[in-house]
């Protein structure tokens, strides 16, 4: 019985939350104020590869993206 009441309250809360957040047409405009092309790519930390490992050096377990400058690691950076 308690679980049923909790589920009903949760569904009502989520339904109300959906209606409250969907109320504004410009909600996404304020959430994402600038388009991707308007952003400064130089300010992004994701684009900087200062601390990466050069090709031919040990990088660890095979993975994509890891510490290598190229982004490819198969025990040795590509």
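Positions of Cβ are set from backbone N, Cα and C atoms, glycine also.
Here's what Swiss-Prot has on this protein:
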{"type": "DISULFID", "residues": "52-69", "note": "disulfide bond"}
{"type": "DISULFID", "residues": "59-73", "note": "disulfide bond"}
{"type": "DISULFID", "residues": "68-77", "note": "disulfide bond"}
{"type": "SIGNAL", "residues": "1-22", "note": "signal peptide"}
Inside 10 Å of the Cβ of residue 52 (disulfide bond), count up the other Cβ atoms and send me the figure. 16
Using Cα coordinates, what distance in whole Å links residue 68 (disulfide bond) and residue 59 (disulfide bond)? 7
Cα separation, residue 69 (disulfide bond) to residue 59 (disulfide bond) (Å, whole number): 11
Counting Cβ atoms within 10 Å of each candidate's own Cβ, which of the disulfide-bonded residues 68, 69 comes out highest? 68
Tell me, how many other CB atoms lie within 10 A of the CB of residue 77 (disulfide bond), whichever protein chain they belong to? 21
